[in-house]
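Peer 1: Not my notes, these are from TrEMBL:
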TRANSMEM  12-38  transmembrane segment
TRANSMEM  125-147  transmembrane segment
TRANSMEM  162-192  transmembrane segment
TRANSMEM  198-227  transmembrane segment
TRANSMEM  239-260  transmembrane segment
TRANSMEM  299-317  transmembrane segment
TRANSMEM  323-356  transmembrane segment
TRANSMEM  368-389  transmembrane segment
Amino acid sequence: MPGRPPDARGPGAALAAAVLYPFLLTRAGLLLVAWFAAQFAPSWTYFDPTGAARGWSRLPWLALDVWGRYDTAWYLDLARHGYRPPAELLREQSNLAFFPLYSWLVRAGTALLPPAARAGEAGPYLVAVALANACALLGLALVYLVVRDAFSDERLARRTALYLLLFPAGFFLSCAYTESLYLALAAGTFWLAQRERWAWAAATGLLLGLTRASGILVAPALGLLYLSQRGWRLRAVRWDALAITAAPAGLLAHAVHLALLTGDPLALFHAQAAWHRAVAAPWRTLLEPAAFHPKMGPLELAGAVLFLALGLALLALRRWALAAFALLSLAPVLLSGTLMSATRFLAVVFPAFIPLAKAGEREAVDRAVVILFTFAQALLFFAWSRFYWVA
């Protein structure tokens, strides 16, 4: 029996098929991986050896605990205690390296819990995981809408969202990290700008600048989109073009706050030094990266090269704003002097998945991407669930 054409379904059914069902199926698959991985020895290098040895970090239920590892501790610390400057900012790792919005939202959500649930770490952690998954669903839905509206192609939009979900670091969308919040705000800003709702795009752009430093990279892309909507005529520019500056304004506000807190006008940048991040030439980052992980490093290098190629391929599709955001989003990785966590950072550069989804119109390519991404994500999540660092 032939299937219904995509336009025969309502918008809710189309979104459910493109986002909700794949999301739920992949999360179920990841939990199966975590259950199997629990039979194996944990990492002996995890910062909480007691938690690793007993098999859980914050909650004794694997299905809930497995989404919080490594940087989750920093975000929860920031949510509970606010910023706490270290004695030596350049040498000591601290929560100043993390942007505030996600932790602010976790704190606000925790305030709604019963008093007993707020006291320990379990309550804030559950809020953090719930927030991450809600943002993941919203972000994937917005990616679908951005691509569908930009290309008038529902199948391309579905493949783009699916490839993003299956990407090796795609499980971070459900973890107590900022990936899903960043994706939702970035895709939401683009979607609103595409529909010329610039006041709302300014609001989401401002929040994007408070989520990650790379949020400011949406500004040049929005500038291109704004001009294209006005036929590239400078005389057609109006006051609503100020929305382009919202993300940089958010970043600037955060930088000023840290400067006042620490007395260091460059605290925003100095806080990254303890993570081996410092400005370096792109070729230096690719050829001689600092803190190169012997196992994960090759995957991170391959990811950086792949996304550079995908960003360039996006130019051929003549979607200048999306291409600009994809290529500029590589800058924080290529200019940082290290490829550490590159796979995770690239996982939310959603425009880069569009040319890959375009290539996926060929069945052989689609199968190759789905199979390789699925296996790679399963392997990384296996290690992650056993407290190994993967990104």
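Here the Cβ of each residue, glycine as well, is placed from N, Cα and C on the backbone.
Caution: TrEMBL annotation is automatic and unverified by curators.
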Peer 1: Taking pairs 6 or more apart in sequence, does the count of Cβ pairs under 8 Å between the transmembrane segment (125-147) and the transmembrane segment (368-389) hit 3 or more?
Peer 2: no
Peer 1: I'm a bit unsure how to read this: which one of 162-192, 198-227, 239-260, 323-356, 368-389 has the highest number of Cβ pairs shorter than 8 Å with the transmembrane segment (299-317)?
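Peer 2: Looking only at 162-192, 198-227, 239-260, 323-356, 368-389, the most contacts with the transmembrane segment (299-317) come from 323-356.
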Peer 1: Take a look at 12-38, 198-227, 323-356, 368-389 and tell me which one has the most Cβ pairs under 8 Å to the transmembrane segment (239-260).
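Peer 2: Counting Cβ pairs under 8 Å, the winner is 198-227.
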Peer 1: Count the CB pairs under 8 A between the transmembrane segment (162-192) and each of 12-38, 323-356, 368-389, then give me the winner.
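Peer 2: The stretch with the most close Cβ contacts to the transmembrane segment (162-192) is 323-356.
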Peer 1: Determine which residues of the chain contact the transmembrane segment (368-389) at the Cβ level, with the cut-off under 8 Å and only residues 6 or more beyond its ends counted.
Peer 2: 29-30, 33-34, 36-38, 40-43, 45-46, 48, 51-52, 57, 62, 66, 69-70, 162-163, 166-171, 293, 296, 299, 343, 356, 359-360
